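Q: Take this structure first; my questions come after.
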Amino acid sequence: MRTRFWRQRTKIISATLTLIASLLLTGCLGNDEEDWNGKNISGLMPELEFDLINSQGELVSGSDYSGRVRMLFFGFTSCPDVCPTALQK
């Protein structure tokens, strides 16, 4: 009975270690180049120039995020029902 327990435990541990090793090695097989699945719109849109206040109360501008993907969300401030819920997300 005890031998059966140790055999099952050894199988479970071996399977777990094999799974962990495969997951770790899978990460090493990826491309070194970043794949970007978007459309390059450089030159199609005007430069995004803005001066806004961030959530920490600091002034930020478009140049602070130069070379990075920028996403802005503007929520309405005068609708009592839906807006507070949308702005919390």
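Note: Cβ is positioned from N, Cα and C throughout, glycine not excepted.
Automatic prediction, not curation, is the source of TrEMBL annotations.
As listed in TrEMBL for this protein:
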type     : residues : note
SIGNAL   : 1-30     : signal peptide
DISULFID : C79-C83  : disulfide bond
BINDING  : C79, C83 : Cu cation binding site
Q: Validating a neighbour-count step here. Other CB atoms within 10 A of the CB of C79 (disulfide bond): how many?
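A: I count 10 other Cβ atoms within 10 Å of it.
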Q: For C79 (disulfide bond), name the DSSP secondary structure in the helix/strand/coil scheme.
A: coil
